[in-house]
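Reviewing the structure listed below.
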Amino acid sequence: MDDLQEIMEDFLIEAFEMNEQLDQDLVELEHNPEDLDLLNRIFRVAHTIKGSSSFLNLNILTHLTHNMEDVLNRARKGEIKITPDIMDVVLRSIDLMKTLLVTIRDTGSDTNNGKENEIEEAVKQLQAITSQNLESAKERTTEAPQKENKEETKEEAKEENKENKAKAPTAENTSSDNPLADEPDLDYANMSAEEVEAEIERLLNKRQEADKERRAQKKQEAKPKQEVTPTKETPKAPKTETKAKAKADTEENKAPSIGVEQTVRVDVRRLDHLMNLIGELVLGKNRLIRIYSDVEERYDGEKFLEELNQVVSSISAVTTDLQLAVMKTRMQPVGKVFNKFPRMVRDLSRELGKSIELIIEGEETELDKSIVEEIGDPLIHIIRNSCDHGIEPLEERRKLNKPETGKVQLSAYNEGNHIVIKISDDGKGLDPVMLKEKAIEKGVISERDAEGMSDREAFNLIFKPGFSTAKVVSNVSGRGVGMDVVKTNIEKLNGIIEIDSEVGVGTTQKLKIPLTLAIIQALLVGVQEEYYAIPLSSVLETVRISQDEIYTVDGKSVLRLRDEVLSLVRLSDIFKVDAILESNSDVYVVIIGLADQKIGVIVDYLIGQEEVVIKSLGYYLKNTRGIAGATVRGDGKITLIVDVGAMMDMAKSIKVNITTLMNESENTKSKNSPSDYIVLAIDDSSTDRAIIRKCLKPLGITLLEATNGLEGLEMLKNGDKIPDAILVDIEMPKMDGYTFASEVRKYNKFKNLPLIAVTSRVTKTDRMRGVESGMTEYITKPYSGEYLTTVVKRSIKLEGDQS
């Protein structure tokens, strides 16, 4: 039973592989019905699937493919001319065959497929085609010359002989198609279970050996047959032909033993697991590089550093090579997706009553398997729209003096670490004026928005939910769904989509997608204690500017960069993170570009470029807007990965004048009197707080009080102004002083804030723990009022004698 299951799995793999090219071959055959090589290739697919399904007792699939084979066989002999109507029946049968294969894969049987009536109807149509054309073929045969008749009869005899071998094997013709036909009939009823199982295993092994021999024989016969034709056409070079043939024969004799060793099928789940392990290895490499940098800084000049550097460099290089090798195993040609579109365009052409030609280029371009699986649906929507909305009806194209056959071109090529897929048509193009009017009519935009909108921005209106230019809803399109989903799906792949169009000339849509989604290069930036990774493919440049270079236009901050004016927005405003704006210091701006859009994003600091492994945020957080995932940095800290497309959309709704914020920050920093200085006292003892209050009153400063560390932390985070110093007890309920100090130091904006421990703990261990948690001063209870005021004045930089 295990052997039979293995044969079934091999059959399904082979069948699905053959079907990938089948639709495209059939559409090509419809345009070139005289192409005998193409017809033979299609016939062999039906013949192979029929033979294998018959052996596996898949009777429904065998019945369907047998009738398909009959039609294709008649076409090979010239008895049937492939017309669009006949091709409709064949294509429908192919669809049903694919459905049966999926059912077999899922259930192990071709029964209960839910398509019984459709299959029976398709079989009747195939049989009708075969019988009708067989009669006409007989009539043509009687009128043909005697010589031709004899040759045709010989050919028919050969074909019938092959068919008879497949349909009803006998003892006389079992050598190739059915190696089991000469087996004696055994009385299985009187055999033990072990004997029956052994006999089945023997027969399976015999069948497998026969299949191997048959495949090897076909390989040896394939090339000599192809070389017969040129021999007749070029009789002047028989020696060259003979040498080539001899060489081919020699190579073919070696081929079977070599070919088997060259490839091996691997479960996709193993590749995914291997890719995950590589991701962890990359994280470990980044961590190792970071540790080496720390060691190098601490032990500068030591001899062991050179050897350590060699080891780290070697591990880094091997990890990179291994990563590229594993990624290459996951790469697949986009032709796996492209191959299904000729059939789709052919069906749409007949449905819409248009003549449309699909031109495919660059189908050998490779892309990560996970992306290949995801781009199919977006491309279907785009191509359907090109056929329905783009290509004009036949009469309209004639009036415009355009070729009657419209062209849709699908091409793919590499551009850096991205793949570019272009879909172009020579249809009517997009009218930006009409698009704006439709958008205003549907309430998508206002008239004021339309006035300042460029043509390219108008083209992007088709990506708005519910927007459609179709006047009539059809089975193909017009419901206003599809293109917004296309944009969403492409952005999920960290890709972009651009549209360029000209009225009367056509439309071009360009998709730009990264080659892989697992590991990317990113720019690491920081906003206070938060870290973010921006995909490097979207980063145009980074600049450091002063406050004087920031202007205000219509209430929003902008930056004049060379000859461009860019909108400015703080990353902290997008993700609602606290930030400090130093009015007297420069700011870092990351210029981000997506398609034709650019913005400047202000960050607190730049960390650098790093290779990051994208990890999912999990089920509950995966739909967090603006975040594509997370990664672990070389120093072990978690970093969020920015979804650039979503972030730019979020930035449009933010209206913050950065200059005003900086001025406000400057105003809060100016200290005109002692009361402008703020000190926060945190102690659970009301008596101790009263003592602090009495000691500091002569200074004239503002004193805030909290009863425990947790309350003090909330006051610090949510207060309008940042205290100039904090006096904190160690022993407190809810949150002690050590924990409070550790939490405060997590925020960059509090990194220089004086934290003064006021405690009765005086041991060296206590003091060391205080320093490690972030304390800057240590006052031991009991203390004098003079000492307390001296420490506070020094910490807050209060000048003069205020007592």
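Every residue gets a Cβ built from N, Cα and C, even glycine.
Now, the feature entries from Swiss-Prot:
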COMPBIAS  136-166  compositional bias 'Basic and acidic residues'
COMPBIAS  209-226  compositional bias 'Basic and acidic residues'
COMPBIAS  233-254  compositional bias 'Basic and acidic residues'
DOMAIN    270-517  domain 'Histidine kinase'
DOMAIN    519-653  domain 'CheW-like'
DOMAIN    678-796  domain 'Response regulatory'
MOD_RES   HIS47  phosphohistidine
MOD_RES   HIS273  phosphohistidine
MOD_RES   ASP729  4-aspartylphosphate
REGION    134-185  region 'Disordered'
REGION    209-255  region 'Disordered'
*In which DSSP state, out of helix, strand and coil, do we find HIS47 (phosphohistidine)?*
helix
*Provide, as an integer number of angstrom, the distance between the C-alpha atoms of HIS273 (phosphohistidine) and HIS47 (phosphohistidine).*
37
_Residues that sit under 8 angstroms from the residue listed as '4-aspartylphosphate' by C-beta distance, when 6+ apart in the chain_ = ILE682, ASP683, ASP684, SER685, ASP688, GLY737, ALA757, VAL758, THR759
*Residue counts in helix (H, G, I), strand (E, B) and coil for the domain 'Response regulatory' (678-796), per DSSP?*
57 helix, 23 strand, 39 coil
*Entry from the modified residues list HIS47, HIS273 having the most other CB atoms no farther than 10 A*: HIS47
*Please classify the secondary structure at HIS273 (phosphohistidine) using three-state DSSP.*
helix
